[in-house]
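Participant: Handing you this structure, nothing more for now.
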Amino acid sequence: MKALLDLFKQVQQEEQFDAIKIGLASPEKIRSWSYGEVKKPETINYRTFKPERDGLFCAKIFGPIKDYECLCGKYKRLKHRGVICEKCGVEVTLAKVRRERMGHIELAAPTAHIWFLKSLPSRLGMVLDMTLRDIERVLYFEAFVVIEPGMTPLKKSQIMSEDDYLAKCDEYGEGEFVAMMGAEGIRELLRGIDIEKQIEQIRAELQATGSEAKIKKFAKRLKVLEAFQRSGIKPEWMILEVLPVLPPELRPLVPLDGGRFATSDLNDLYRRVINRNNRLKRLLELKAPEIIVRNEKRMLQEAVDSLLDNGRRGKAMTGANKRPLKSLAEMIKGKGGRFRQNLLGKRVDYSGRSVIVVGPTLKLHQCGLPKLMALELFKPFIFHKLETMGIATTIKAAKKEVESQTPVVWDILEEVIREHPVMLNRAPTLHRLGIQAFEPVLIEGKAIQLHPLVCAAFNADFDGDQMAVHVPLSLEAQMEARTLMLASNNVLFPANGDPSIVPSQDVVLGLYYTTRDKINGRGEGMTFADISEVIRAYENKEVELASRVNVRITEYELVDKDAEGDARFAPKITLQATTVGRAILSEILPKGLPFSVLNKPLKKKEISRLINTAFRKCGLRETVIFADKLLQSGFRLATRAGISIAIDDMLVPPQKEKIIAEASAKVKEYDKQYMSGLVTDQERYNNVVDIWGAAGDQVGKAMMEQLQHEDVVDREGKTVKQESFNSIYMMADSGARGSAAQIRQLAGMRGLMAKPDGSIIETPITANFREGLNVLQYFISTHGARKGLADTALKTANSGYLTRRLVDVTQDLVVVEDDCGTSNGVAMKALVEGGEVIEALRDRILGRVTVADVVNPETQETAIEAGTLLDEDLVELIDNIGVDEVKVRTPLSCDTRYGLCGKCYGRDLGRGVLVNSGEAVGVIAAQSIGEPGTQLTMRTFHIGGAASRAAVASSVEAKATGTVRFTATMRYVTNAKGELIVISRSGEALITDDHGRERERHKIPYGATLLVQDGQAIKAGTQLATWDALTRPIVSEYTGTTKFENVEEGVTVAKQMDEVTGLSTLVVIDAKRRTAATKGIRPQVKLLDANGQEVKIPGTDHSVTIGFQVGALITVKDGQQVHVGEVLARIPTESQKTRDITGGLPRVAELFEARSPKDAAVLAEVTGTTSFGKDTKGKQRLVITDLDGNAHEFLIAKEKQVLVHDGQVVNKGEMIVEGPADPHDILRLKGIEELAHYIVDEVQDVYRLQGVKINDKHIEVIVRQMLRRVQIADVGDTKFIPGEQVERSELLDENDRVIAEGKRPATYENLLLGITKASLSTDSFISAASFQETTRVLTEAAIMGKTDDLRGLKENVIVGRLIPAGTGLAYHRARKAREASERERAQAIAEEEQSLFIEPAPVVQATTEGEGDNA
């Protein structure tokens, strides 16, 4: 009996822990883990297959092979448990101890651990302050290192070759100094380090030195040494004296059939180490010559290196099959390593997979599960039921019963499955809607049935897709699956809050067809009393679906909510002019929605809006029911409509021939011009591509116009146009299938095709698919098609990698509190570009929390108080009262440490309410950005040719009526003709309405002519400014006579004759094409006043100097009188090289990796006045003198165009040299808010181009994570090192601690890290190691003696705990609270006991004596 009880004891309680620490193991520690030394390289005996004693699989060291049975068989069974057999020395216990018992090898010579040697930066090198090369020479016995110089002039840790050593021995005599080779030498050096003293020394040197490089070097070394000091790890432990041996079950040797064995590579590696070690021991005993011993020691070092990390140094060790052996390091790193394969990617019990088919009869929360699959998945539940019902007495009997599939089993299965949700998953699971829970409905057959409306979320179709089924087993799991994951509870996309259950294809077509109207349909103009009358008329064929009729329709308006919160509705009957189809459809409308939402043709977008409105007005349940009804009606009506397409539906426009002929003629004209040398080949190509592009568009337009309308006769007998009922047009117009571009290929012309490299082939395909392609045309079109397929494959991999990096950087961001109480936020405006509103203010602030009160601009009353979550009604209100800027909370300015607060995040888009505590918003953000990644292009766009020419604007006009206002940055001068010429680079014109609210804003480029004044009232359509689109002018801001400097023909400028006009102009030559002597000269012009003095910039003593950049055409002569606003030179924009803009996925990755772009813009570091200093070789020197008179210098490459000129006042962060912005500069000069604006806008631009909607807050969450580290500037009294990078929350905690003690806090600068870098530099080493660069991360963590607090999700998954998010957050909080209270209780009890013992001690004694007497 006792034995049985002991068995129960063996199931150990898993330990509760809050952190995991990693460190270096001392030799003593390794010996303490070990159960014995492995002395022989043998594994198992080839005849008996029993492990050899003292070998790598020794049962004495590692434990028995069979449960409770010693090796020789003397002791068997449980009763001998714990006995150690005296014959074979094996302890009688469970065989699974062979998974946990370790052995060790006593190394005859110490060896260095390769990770600390070779993983860059070399940790050994840092501690010893030696170069890696030197240490390697010592370790591999090529050089000596001085350990103890004694009285000689040698220095400690000096390296010398063998010859040197012998020479020095002769010089100073043997034994006067100690020098050693190999790991022993390094170990002695490490032992000799006095860490405390070193730290003091370095700190002193840090204070003293001024050089940047030295500070960096010292700081690095200091960090490592302080880590050693703090963690109590001794540096000499980086050298191994004892090698631990992995438990044998983790490096198994398994017999294959045919007498061969398969073994883990580790056994080979261990065997090599043991062989060499034993040989070395023997050589040392034999007192072999030094050179032989040295060689053996080197080989031992190499063997140990290979075991730890094969191939890290020198050639990798290979096995019998010439393949490099897989070492310990390879076991844990990479996709197939321990972390990603086994800890983060586990396989799941109780799962199955099958093909999916459509289940049109299912409700939204159901799925069809094949009976056989369900029987297998729910087996344990069925067994249990069979036993409780008494049908089967044992599990074995129950199994038999189930396998015979008797009717009673099916009944039980029905019962078991009732209300037990299952989870369906479709790979790739790109966002949280890729796994949803459904209630299973048992079906015959072998395919899973899926509801059509959830296909959009799963991105599933029925062309052979497969899905996996998982069964949640525990009650908690079932409950969570039902409440959080049930398909009917997930009707919105978490990425943007739009409904995910939108009908598509057939359903859309059916609904569209039903809600279209037509002129002069059967029964037009009839009036009906109610909908049943309409249905009766329709069934008797008195009216047709699209006929326009009048019907009395009952709508239900929301009156109020009663005590239970149920809505009360009041019916309202109105006569509506509508169509038969819409009236019939209105029967399924939920109460609370007006009929007007249906009284229009329902295209896909409209249906999406309809479901969205239903969700916001009527709630989740009604919406789901409504969506299901829409689906049923749509299918039914699509079937009734009987829409089909025939070749005749593709109408080829009659104008096509003419358009193509005209285009061909134009192309011939250009060819002629090219032949006669008037245009270059590139220009000809650009124009040809342009012409064909335009022709294709024209044909397409003509075709759409023809498809779109048809002529019909109305009731008066007149012929009128109405929207066409052409099947193809209806499909495209409704959004059911196809698009205008696809129809254009069917019935217009296919147009231009691209080569695989993305360049456009200049001969277009003039045919369409209806006419058919000839062989050449077919061949050209295969190009593009093939590239498309190759692109898709690449895109998927790249997109997946981006998602992985995003998830990794945000995985620990969870909503941990409701409100952090910050008063910071960001001011949101509508997004306007080129005068067009791209994103309205209402869309940007929906679902955010206000920071400040929103004030009605007309009455100045508070319309919405601070701290309000803006829902649809409130943004509508903001829109109506005309507020154009709202300050809202943002994840970026949230003050919560180690997480986010609900108020800063705002609405949980997937649920439509304020986010709950415990929501893993980081992962959701990562998924929302990564999931549409596959839809983005891989292309880098070539601007140039067709693309750019269409986009060049040369004027800007107002779209709204209002008043013109110029921004503060706008500067302009009036020229001789009285025109206003803009001389600012970043000026904008705003147009405001009567209340002074901004309606639109336009950038006005430098050199433009303004046609309006500041404060002028204008009508819509008024031109605001015009400019020359093809050249960029250089405008004079002063009046005077020109005086050229360095403008020498044939040196800095060249004369160009215009062939057509015969006029000559001077063009500035590229510095690279000049002779060496003249390279540094800049052509420029100064202005002289009437007295011949140089014109100065007002308020300074700088002369006005205007530099001409390369390629500028100088339009004035030397000594010419110029006026303010006159053009001095023009720079042709055509001569700017065609830039590649990175688009699509690479651009998103570039932004999130925070890469500095090539040729980045230079921004002004300070606010001040500019002037040019003396030029250096190939560089211009720009000086900005700030307001205090300090000069800041910039060196700018000669060929760059400097946007400022002498004496101009620039603001901090203003662009000085054109180019793409560098996010790091934006952060440094303009702050976090500007940076976030920049990244959000840039990322959104890429997605918007593809028509993907992502909410801004997801991108902000990622930016928050990119900004989570700071760099220490001034240490104050904190524990940090100058220039150290630390987590923001860690710094704030430390500063709080220091301030509380009344000391000086540290100051810091914000750091922007790319997502890969941010993931690797996270405080959790477990998370970082499982992401990338496993070796480096673990090496660093071990030396630092890091502790992982298991804050993020990933670390907890890896150690196998509940994640601290969702329901797990509450669990962990409760657990921590419980532990704290238990600790307090224990302490209280201890104190109580103590107090009892102290005071009444004598009394206790007395009573004892008394008792004794009585006894």
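Using N, Cα and C of the backbone, Cβ positions are placed for all residues, glycine too.
The Zn(2+) 1 binding site annotation in Swiss-Prot covers Cys70, Cys72, Cys85, Cys88 and is backed by sequence analysis. What Swiss-Prot lists as Mg(2+) binding site is Asp461, Asp463, Asp465, and the listing cites sequence analysis. For Cys820, Cys894, Cys901, Cys904, the entry in Swiss-Prot reads Zn(2+) 2 binding site, with the evidence type sequence analysis.
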Participant: Given the binding-site residues Cys85, Cys88, Cys820, Cys894, which one's Cα is the least distant from that of Asp465 (Mg(2+) binding site)?
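Facilitator: Minimum Cα distance from Asp465 (Mg(2+) binding site) across Cys85, Cys88, Cys820, Cys894 lands on Cys894.
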Participant: For Cys72 (Zn(2+) 1 binding site), which residues in the same chain are close in space, meaning a Cβ under 8 Å from its Cβ, but six or more apart along the sequence?
Facilitator: Cys85, Lys87, Cys88, Val90
Participant: Output the one of Asp461, Asp463, Asp465 that, of all these binding-site residues, has the highest number of other Cβ atoms within 10 Å of its Cβ.
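Facilitator: Sorting the candidates by Cβ neighbours within 10 Å, the top entry is Asp465.
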Participant: Count the other Cβ atoms sitting within 10 Å of the Cβ of Cys894 (Zn(2+) 2 binding site), across every protein chain shown.
Facilitator: 25
Participant: What is the set of residues, excluding Asp461, Asp463, Asp465, whose C-beta falls within 8 angstroms of the centroid of the C-beta atoms at the Mg(2+) site?
Facilitator: Ile356, Ala460, Phe462, Gly464
Participant: Hey, for the Zn(2+) 2 site built from Cys820, Cys894, Cys901, Cys904, who else sits with CB inside 8 A of the CB center?
Facilitator: Glu817, Asp819, Thr822, Arg889, Pro891, Ser893, Asp895, Thr896, Leu900, Gly902, Lys903, Tyr905
Participant: Measuring Cα to Cα, how far is Cys820 (Zn(2+) 2 binding site) from Cys70 (Zn(2+) 1 binding site) in Å?
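Facilitator: Taking the Cα atoms only, Cys820 (Zn(2+) 2 binding site) lies 63 Å from Cys70 (Zn(2+) 1 binding site).
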Participant: What are the non-local neighbours of Cys904 (Zn(2+) 2 binding site), defined as same-chain residues 6+ apart in sequence with CB under 8 A from its CB?
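Facilitator: Expected: Cys820, Thr822, Val849, Arg889, Thr890, Pro891, Ser893, Cys894, Thr896.
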Participant: Please identify, from the binding-site residues Cys70, Cys820, Cys901, the residue with the sparsest Cβ neighbourhood, meaning fewest other Cβ atoms within 10 angstroms.
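Facilitator: Comparing Cβ neighbour counts within 10 Å for the binding-site residues Cys70, Cys820, Cys901 gives Cys820.
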Participant: Out of Cys85, Cys88, which has the highest number of nearby Cβ atoms, where nearby means within 10 Å of its Cβ, if these are the binding-site residues?
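Facilitator: Top count of Cβ atoms within 10 Å goes to Cys85.
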Participant: Counting distance between Cα atoms, which of the binding-site residues Cys70, Asp461, Asp463 is nearest Cys901 (Zn(2+) 2 binding site)?
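Facilitator: Comparing Cα positions, the candidate nearest Cys901 (Zn(2+) 2 binding site) turns out to be Asp461.
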Participant: Where does Cys904 (Zn(2+) 2 binding site) sit in the DSSP three-state scheme?
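Facilitator: The three-state answer is helix.
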Participant: Sorry to bug you, but what's the C-alpha spacing from Asp461 (Mg(2+) binding site) to Cys70 (Zn(2+) 1 binding site), rounded to the closest Å?
Facilitator: 59
Participant: Once Cys70, Cys72, Cys85, Cys88 are set aside, which residues in the chain still have Cβ within 8 Å of the Cβ centroid of the Zn(2+) 1 site?
Facilitator: Ala59, Leu71, Gly73, Lys74, Tyr75, Glu86, Lys87, Gly89, Val90
Participant: According to DSSP, folded down to helix, strand and coil, what is Cys72 (Zn(2+) 1 binding site)?
Facilitator: coil
